[in-house]
Amino acid sequence: SLTRTVICLLRNDLRLHDNEVFYWAQGNAEHVVPLYCFDPQHYQGTYHFNFPKSGPFRLRFLLDSVTDLRATLKKQGSTLLVRHGKPEDVVSDLIRQLGSVTAVAFHEEVASEEKDVEKKVKEVCSQNKVKCQTFWGSTLYHRDDLPFGHVERLPDVFTQFRKSVEGQAQVRPVFSTPEQMKSLPPGLEEGPIPTFEALGQTEPVEDSRSAFPCRGGETEALARLKHYFWDTNTVATYKETRNGLIGVDYSTKFSPWLALGCISPRYIYEQIKKYEAERTSNQSTYWVLFELLWRDYFKFVGLIYGKRIFHVNGFQDKHVPWKTNMTLFNAWKEGRTGVPFVDANMRELALTGFMSNRGRQNVASFLTKDLGLDWRLGAEWFEYLLVDHDVCSNYGNWLYTAGIGNDPRENRKFNMIKQGLDYDSNGDYVRLWVPELRCIKGGDVHTPWTLSNASLSHAQVSLNETYPSPIVMAPEWIRHVNKKSSGPASARGKKGPSYTPREHRDRGIDFYFSKNKNF
């Protein structure tokens, strides 16, 4: 028969909008089979330290996203086939079962395990004389459009990358969303969406304090953008609030949906440009694109360096005598370091699967610089728990923090006390997540070990009993112990938890662009 069938193998592209795989399949077949495989290797342990690879929060987000895409496709006269197995085996079985498959289409990924899957799928295709059609769609700027010729010539410094891309590259327009999907060939079972138990995980418990109480899926992603841009105009103050710690709206929170491809970076770009034309264009609207560029940069870094992004010595082959002291590591991961700003962030991560960008930079600096622990312990712990885990962004950021990334100048140590006082000046965030310190007023909550016995007992805190003393002390903390604001009347604590003091407005810029190392 002349009926052509295309299998669309979906991975981190769980959306109908701006999806070139669907767009191409629709024009090149009579039948289209959207397919998602729950790949057993995603549910094993992490590479070195054997933490579960997909923790409860990301798994729930993924199950939501798969469920949502199936519902969307059903409205389009199709459905999402779901299988539990290795993609290459599932594809091979479908090719044999259907007999009409002319092509398998998928988006290329970046990291080594994903690349291995692609290689095996390509082998299955060539054995069966089926076309293998691949696309690049995970970044804002297409890898073929980068202005420095080949991706291998990517600058070693983000700022150079950013300037050359902004000056010389174009973002491609989004692909149109099909009105009606081509039908599936007859005789296919859609297959059940697996349970948490089947994948060896337990369902997460909701926490009312979560800064990311959102569900997965394209529908939710598009609703989030509409809320953050068009309904509330919050995007217009993003740059001022993005270092916040409490609540849903201090930042876009697009990252979990971007990680699974529920929303396209090009669609975000298009909406920013529309917002700038119709409402306002300022540093905040630009800053959303700036952060998408960081995401692109880490993807391209991953593309070039391959398996080296997981290597203990990083890109410079820099030998650092990392420790793997599990007592120290366990204190870090459980939020029992005795440094409240670190502990609050680590508990938030464990209980919600989310942590602010500000928090991530700090706890990573604390693990690598203050505790001197192997950065891969931190990277794999994040891989396990983060709802928005993205291989390139996670490992790229950890390499940066550890001072072994592709920009060797970026070797900074954060001052935990200064950072805590700068970004949680009144201590509200610490009290939210470290309730045993909730009776300590104001900024004092960042340094309980410096308080008098009378103050501590008044606050019902007993050091080393109800809350630990710091497991490590850094000499630079002392400079900031006496600068704390006391109580709610201070100028800094006035404007609520996500207010960034004026002198720290450009901290993010300073962090990346300045030579001043006092953070």
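Placed from the backbone N, Cα and C atoms, the Cβ positions cover glycine too.
The domain 'Photolyase/cryptochrome alpha/beta' annotation in TrEMBL covers 4-140.
As annotated by TrEMBL, FAD binding site applies to TYR238, 251-255, 291-298, 388-390. Within 10 Å of the C-beta of TRP294 (FAD binding site) there are 17 other C-beta atoms, taking all protein chains into account.
Summarising the annotation, TrEMBL assigns site 'Electron transfer via tryptophanyl radical' to TRP322 (among others).
For TRP375 (site 'Electron transfer via tryptophanyl radical'), the number of other Cβ atoms no farther than 10 Å from its own Cβ, over all displayed protein chains, is 22. According to TrEMBL, the site 'Electron transfer via tryptophanyl radical' annotation covers TRP375 (among others).
Here the Cβ of TRP398 (site 'Electron transfer via tryptophanyl radical') has 26 other Cβ atoms within 10 Å, regardless of which shown protein chain they belong to. The site 'Electron transfer via tryptophanyl radical' annotation in TrEMBL covers TRP398 (among others).
Annotation comment: TrEMBL describes 483-505 as region 'Disordered'.
TYR297 (FAD binding site): 23 other CB atoms within 10 A of its CB, across all protein chains.
Taking every protein chain shown into account, TYR238, TRP322 are the recorded positions, and of these the Cβ with the most other Cβ atoms within 10 Å belongs to TYR238. Burial estimate for the binding-site residues (LYS253, HIS389): highest at HIS389, by number of other CB atoms within 10 Å. Note: GLU291 (FAD binding site) has non-local neighbours THR252, i.e. same-chain residues 6+ apart with C-beta under 8 A of its own C-beta. Using a 10 angstroms CA-CA radius around TRP322 (site 'Electron transfer via tryptophanyl radical'), the recorded positions that qualify from LYS253, TRP294, TYR297, TRP375, HIS389 are TRP375.
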